[in-house]
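A quick write-up on the structure given underneath.
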């Protein structure tokens with residue numbers, strides 16, 4: 001019997017009607033939606049409409065911005081993507097750049113959330129655009145995200161970087177890009193054309209150029225681009241600030257938990273070459289052994305499977321360490337004309353607007369990756385001996401005297417053996433040395449040289465966090481709030497966290513709009529003051545109202561940024577004096593031995609008889 005609600009049903013009409021319904025309800029309807037069809041310089045794109053809690057957004061995912069850097073293009077600067085025929089499907093993320101995958105805690109959410117969620121490939125130079133639906137009638141500010149991951153990992157497709165929430169809630173255009181990491185992005189044989197180094201940074205720059213050329217098509221304003229990133233992404237943002245060819249491609253900058261002057265962020269040309277040639281040797285290049293030139297070495301490296309390079313890249317580090325990474329940007333005299341410290345000190349930053357900040361416990365995340373006595377599966381109550389050994393891996397370049405100074409500064413001398421205090425001290429050593437104090441130093445220098453700077457410390461531990469309580473608020477765990485993930489009900493954040501995320505998104509969007517995180521429409525709320533070299537004001541970000549403080553870990557950063565460099569300089573002088581003294585003593589000893597031998601020889605000769 002025919003259902004009463006289907007009077008026209010016949011077998012001959014069933015299939016066409018079903019296809020028509022699928023077309024109207026599925027991809028066909030979106031294919032005809034003018035909001036989801038755009039034309040960029042490379043050709044046409046078809047995007048997808050996604051739902052956020054507040055409404056829909058348009059997403060254009062997996063847009064190629066460079067030719068695939070495969071085969072003979074491995075290690076070379078990127079080439080702009082050539083035009084394509086027809087309409088390119090941009091409804092799903094593309095491959096993740098080849099990289100190391102973290103297997104320390106298999107299946108654990110705290111590590112898996114940072115692992116690649118798409119297929120690994122060297123064909124990976126794609127970007128993504130989220131824009132309000134419908135597109136803004138007038139040009140809207142653009143936020144461009146650079147992911148972190150120690151320059152050895154990361155992907156723009158990770159769930160934590162989902163741009164739909166920020167684009168919908170704040171009406172901004174959000175862009176993210178993949179860039180090459182590890183040896184593929186940062187292996188360098190300085191002076192060679194085959195592997196010049198810093199090609200991962202050049203990938204980012206090419207994506208920024210793509211934004212300038214195309215973002216207006218999506219409703220974005222190419223004259224109001226804010227570059228933001230976290231950890232190695234923040235260091236990358238800083239390097240673009242310091243590299244003149246990049247400076248004209250964006251207008252404001254946000255550096256979250258990273259800075260270009262961090263001790264892990266760059267290497268010199270000599271160390272870069274040492275690491276490159278060591279990796280080559282580890283994978284059997286050049287085939288004839290030592291003595292080959294750069295061209296032969298790179299030609300050989302290009303024949304090696306990508307996974308071979310990944311499997312060996314950690315073996316090139318000069319010593320056991322935490323918060324050090326194998327292939328990072330090189331001070332090449334080109335992208336970086338000098339060290340970041342020198343460029344920061346010499347730069348003119350008048351008119352620049354910068355937002356910088358850190359989280360409460362920057363060091364804790366890294367301790368489970370090599371500091372003695374630390375694990376996510378226990379309380380990590382370490383002994384004094386483990387703390388002393390931890391300082392050597394936490395500050396791997398330190399001389400004996402410098403390491404003693406670190407121990408002296410971070411020991412609670414009323415409780416020098418207390419395991420909980422030692423655990424906290426070890427976290428502070430790694431966090432202050434690598435993140436907090438480089439960020440504070442950068443903020444002070446930029447402010448002193450004309451930039452308008454805002455600074456924060458993020459202090460809220462998410463209710464959903466899977467890492468143990470002793471780790472506090474770890475590195476990277478402000479990102480989910482900046483991107484608005486607590487707005488998604490299925491993720492089970494609290495109501496207070498949803499409000500907090502909305503507040504943070506508003507701060508970041510306000511900064512992208514005006515260069516000031518404060519909301520001019522609501523002057524009654526606590527104001528976020530600029531950071532100056534004198535007052536050093538910053539704010540704490542947590543569930544409570546904004547709190548203004550002064551001096552971001554000022555005592556610790558005076559140690560790292562002022563005292564320790566002077567100590568190292570003095571000990572370098574002492575070491576050189578000792579070397580010269582030993583050399584002189586050796587020459588004097590040799591002379592005395594020679595003199596004694598001559599004297600003994602003379603003494604054994606027959607003496608003249610008395611006349």
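Quick reminder: no glycine exception, Cβ is built from N, Cα and C everywhere.
Here is what Swiss-Prot records for this protein:
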SIGNAL    1-31  signal peptide
DISULFID  97-124  disulfide bond
ACT_SITE  231  active site, acyl-ester intermediate
DISULFID  285-300  disulfide bond
CARBOHYD  293  N-linked glycosylation site
ACT_SITE  362  active site, charge relay system
CARBOHYD  378  N-linked glycosylation site
DISULFID  437-557  disulfide bond
ACT_SITE  475  active site, charge relay system
CARBOHYD  492  N-linked glycosylation site
Rounded inter-Cα distance in Å - residue 557 (disulfide bond), residue 475 (active site, charge relay system): 18
Those residues of the chain, 6+ apart, with a Cβ under 8 Å from that of residue 231 (active site, acyl-ester intermediate): 148, 149, 150, 256, 257, 258, 475, 476
DSSP state at residue 293 (N-linked glycosylation site), helix/strand/coil: coil
Around the Cβ of residue 492 (N-linked glycosylation site), the count of other Cβ atoms that are within 10 Å: 10
Sparsest-packed of the listed disulfide-bonded residues (97, 124, 285) - C-beta count within 10 angstroms: 285
Rounded to the nearest Å - Cα separation of residue 293 (N-linked glycosylation site) and residue 124 (disulfide bond): 29
Pairwise Cα distance for residue 362 (active site, charge relay system)/residue 285 (disulfide bond) [Å, integer]: 38
Among 97, 124, 285, 300, 492, which are recorded as recorded positions, the nearest neighbour of residue 378 (N-linked glycosylation site) by Cα: 492
Minimum Cα separation from residue 285 (disulfide bond), reported as the residue among recorded positions 97, 124, 437, 492 that achieves it: 97
Site with most surrounding Cβ atoms, counting all protein chains shown within 10 Å, from the disulfide-bonded residues 300, 437, 557: 437
Rounded Cα separation (Å) that holds between residue 124 (disulfide bond) and residue 492 (N-linked glycosylation site): 32
Closest of 97, 300, 437 to residue 492 (N-linked glycosylation site), Cα positions, disulfide-bonded residues only: 97
